[in-house]
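A.B. asks: My questions will all concern the structure given below.
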Ligand code: HEM
């Protein structure tokens, strides 16, 4: 082991290169990824991580976790796991087209709170699900159904955390997005607390700095923030999710108070979500191609048609505008970036080895 700050910087840069892929044409196959990960891990283990700053530490934490996942994790123990999950997602989505959006949001809310450990799936008083920020999550039945199937074929083998990550990956692919190979081996957490949700989940009213802070605490960069926000190219939102952009006038009618929103789009939103609208009404996140995973989200942002304030801000802030423009003009570039960022998202704080457990049922911990 070479000691000193120079080597540490080198390792961090290598890590950054591996995960953020400074070069857009940079693609590694699985074997190369594993080799590089292993080399990095050997160095990192013997490195005094305490000498590093907070951003580097969170990247290293993310790397360390991701390195303990593997691509052929279920090859011997449950070779059909990916097929089973994909079939379940496909069949559920064909009867209910809202499923892909729900699954994709579910993995985000899982991974940002306690890491990707299926803690969001646990039911009961005071669990993550009971927090208001998780009230409108859905897709649980799809994960339960895949789990029941897998318990029949390979009992006690496949974690709910892996099923959720794979299902979200498939949700993107079946709506037209890139098919990404993701490693497996996540274990299920035994803890889930509502109190952990708010400090870790981003709200639509957050400033760019607040969003950056939460993302970077998960080892995710500004690029990842712009890229992963592209998830809003599918799915829907309740009126309350963007009601802060409007205000009631003296006649009780809504008026637009957020100048970053296109006025005709704002009128359309007020028509669909008038004052006093039912809490169950939803509006498509992407007004143009709501069920296709494409780069339309970024085109919408350029047209000032971002549904949430946290979407519009990506165009308004000069730190992120260029990337929004790049993705709006080049879907391939968005897809490449998506693949890298999704891999990072689904590797956040994973539990592996002896940690956690393999739940028998995704909604409750083993007795
Ligand atoms: C950057 C900060 C983010 C904020 C503030 C945010 C906020 C929201 C809100 C408020 C909704 C509407 C929920 C509802 O009313 O039912 C929503 C929907 C959604 N979000 Fe995000 N989100 C963010 C990032 C992400 C990320 C990183 C992903 C996934 C990678 C994601 C995926 C989705 C999806 C797919 C939906 C649609 C859900 C459905 O159709 O049921 N979001 N988001």
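Backbone N, Cα and C atoms are what each Cβ position is placed from, and that goes for glycine too.
Curation plays no part in TrEMBL annotations; they are all automatic predictions.
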A.B. asks: Given that TrEMBL lists 286, 289, 294 as binding Ca(2+) 2, which residue among 233, 346, 352 does it place in the same site?
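C.D. replies: Between 233, 346, 352, TrEMBL records just one in the Ca(2+) 2 site with 286, 289, 294, namely 233.
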A.B. asks: For the Ca(2+) 2 site given as 233, 286, 289, 294, which other residues of the same chain have their Cβ within 8 Å of the site's Cβ centre?
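C.D. replies: Nearby residues not in the site list: 234, 288, 290, 291, 292, 293, 295, 296, 297, 300.
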A.B. asks: Roughly where does the domain 'Plant heme peroxidase family profile' (68-366) sit in mean pLDDT, to the nearest integer?
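C.D. replies: The predicted confidence over the domain 'Plant heme peroxidase family profile' (68-366), as a mean pLDDT, is 97.
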A.B. asks: Determine, using Cα-Cα distances only, which of these recorded positions is closest to residue 286 (Ca(2+) 2 binding site): 105, 128, 362.
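C.D. replies: Closest candidate to residue 286 (Ca(2+) 2 binding site), judged by Cα separation, is 105.
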A.B. asks: Compare the Cα of residue 154 (disulfide bond) against each of the binding-site residues 119, 128, 233 and report the nearest.
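C.D. replies: Smallest Cα separation from residue 154 (disulfide bond) among 119, 128, 233: 119.
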